[in-house]
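Noted in TrEMBL for the protein shown:
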- 43-203: domain 'Major facilitator superfamily (MFS) profile' (DOMAIN)
- 42-68: transmembrane segment (TRANSMEM)
- 84-104: transmembrane segment (TRANSMEM)
- 111-130: transmembrane segment (TRANSMEM)
- 136-161: transmembrane segment (TRANSMEM)
- 168-188: transmembrane segment (TRANSMEM)
Amino acid sequence: MGGEAGEPTGHPYRAAATLAVRPWQRRQQRMPQALERADGSWAWVVLLATMVTQGLTLGFPTCIGIFFTELQWEFQASNSETSWFPSILTAVLHMAGPLCSILVGRFGCRVTVMLGGVLASLGMVASSFSHNLSQLYFTAGFITGLGMCFSFQSSITVLGFYFVRRRVLANALASMGVSLGITLWPLLSRYLLENLGWRGTFL
């Protein structure tokens, strides 16, 4: 009998629940320690990395128009055929968020950001060897878009783990990375395009 105090400590259901600890439950158990270090010096390093990540991931899609004419001439494609490349990139960048959230919940923000960087880099390198638009759609469109999504979404999420009192300020500063990326990416892309061509720029 359990008595008035409730279930006995050796109850089989309670023992099973104790053994079946989910990864997200372990992270919740570590949250009090993380909160003690919130808003510290390392948090600002994370914020700087987030600004750079957001500038890279959201700045590049806005400057693809610089390569539009070069891609049309290279592949002898129409406006609509060429425009599928940035459309796929942008769509995957914003639609793969649920998949990114699963990876963050399973492996954490750090691993997901690194995976995103690797995928985005591989996609751009592979796209520089494309011989037709279909290959460009898959490499620079799908693979790069997926990598950028992983990096972008994770970089936003990670701020919540490092900032508590200054979280609003951190989010505001992080959004400045997007503005810097949109401003600087076209200038850099134009310079590289004139000196290296679109393949060298993508590489």
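Quick reminder: no glycine exception, Cβ is built from N, Cα and C everywhere.
Predicted automatically and left uncurated, TrEMBL annotations should be read as such.
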| field | Most Cβ pairs under 8 Å with the transmembrane segment (42-68), selected from 84-104, 111-130, 168-188 | value | 168-188
| query | Is the count of Cβ pairs under 8 Å between the transmembrane segment (111-130) and the transmembrane segment (84-104), pairs 6 or more apart in sequence, 3 or more? | reply | yes
| note | If one takes Cβ-Cβ under 8 Å and requires six or more residues beyond its ends, the residues near the transmembrane segment (84-104) are 57, 61, 64-65, 71, 111-112, 115-116, 133, 136-137, 140-142, 144-146, 148-150, 152-154, 157
